[in-house]
Amino acid sequence: MTGKELNKIVAAILFASLIAMIVGFIANILYKPNLHVLHRGYSIAIQKSSSNESATVIAQESVNIQELMKTANANHGREIAKKCLMCHSLDKDGPNKLGPHLWNIVGRPKASITDYKYSFAISKLGGVWDDENLFAFLHKPSSYAPGTKMSFAGISKPQDIADVILFLKNYVHDQ
């Protein structure tokens, strides 16, 4: 291959690149992209709660937690709480799994297990896990503490939540 042939090959590559660029510019001039985003379907506006107090108020307005606690069944709560054992331990000095251990959770300060790394959403809550706070959290964790790393969707039936809370209260005394 001589110098002339090499020059012809390089010139052909440069010329082809130039043609491709020119065609691209012309295409952009002729065909303007649609910059308007179309929203398909019907969207429903959802009002998100920004604080745990409003989530607690919403939970308290819709159900009377103390009345539910009077009729709560700890044995039924034990069955429902089996879902929790996938990510939590119930043992007194049990290991922290995906979530912190739940030993003596009722009445315990929030984010108080020192060897567990809580999400920022839970760390900033403050207060204690009483019946009302546990009820609101177990009903829908993502509404109670937006940004929590707990991926559990929640327990939909209010009586089931009361049963779980009673089970957690009694579990400490049964051991």
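Note: Cβ is positioned from N, Cα and C throughout, glycine not excepted.
Residues or ranges marked as heme c binding site by Swiss-Prot on the basis of sequence analysis: Cys84, Cys87, His88, Met150. Using a 10 Å Cβ-Cβ cutoff, Met150 (heme c binding site) registers 19 neighbours. According to DSSP, Met150 (heme c binding site) sits in a coil region rather than a helix or strand.
Feature annotation from Swiss-Prot assigns topological domain 'Cytoplasmic' to 1-8; the stated evidence is sequence analysis.
Residues annotated as topological domain 'Periplasmic' in Swiss-Prot: 30-175.
Among the features that Swiss-Prot reports, transmembrane segment is placed at 9-29, with the record citing sequence analysis. Tertiary proximity for the transmembrane segment (9-29), restricted to same-chain residues at least six positions away from its ends with a CB under 8 Å from its CB atoms, involves no residues.
Under the three-state DSSP scheme, Cys87 (heme c binding site) falls in the coil class. Counting only residues at least six positions away in the same chain, the Cβ atoms of Leu90, Leu102, Val164 sit under 8 Å from the Cβ of Cys84 (heme c binding site).
For His88 (heme c binding site), the Cβ neighbour count at a 10 Å cut-off comes to 21, with all displayed protein chains included. Listed in chain order, the residues near the heme c site other than Cys84, Cys87, His88, Met150 are Lys83, Leu85, Met86, Lys97, Leu98, Gly99, Leu102, Phe152, each with its Cβ within 8 Å of the site Cβ centroid.
Maximum intra-site Cα distance, heme c binding residues Cys84, Cys87, His88, Met150: 11 Å.
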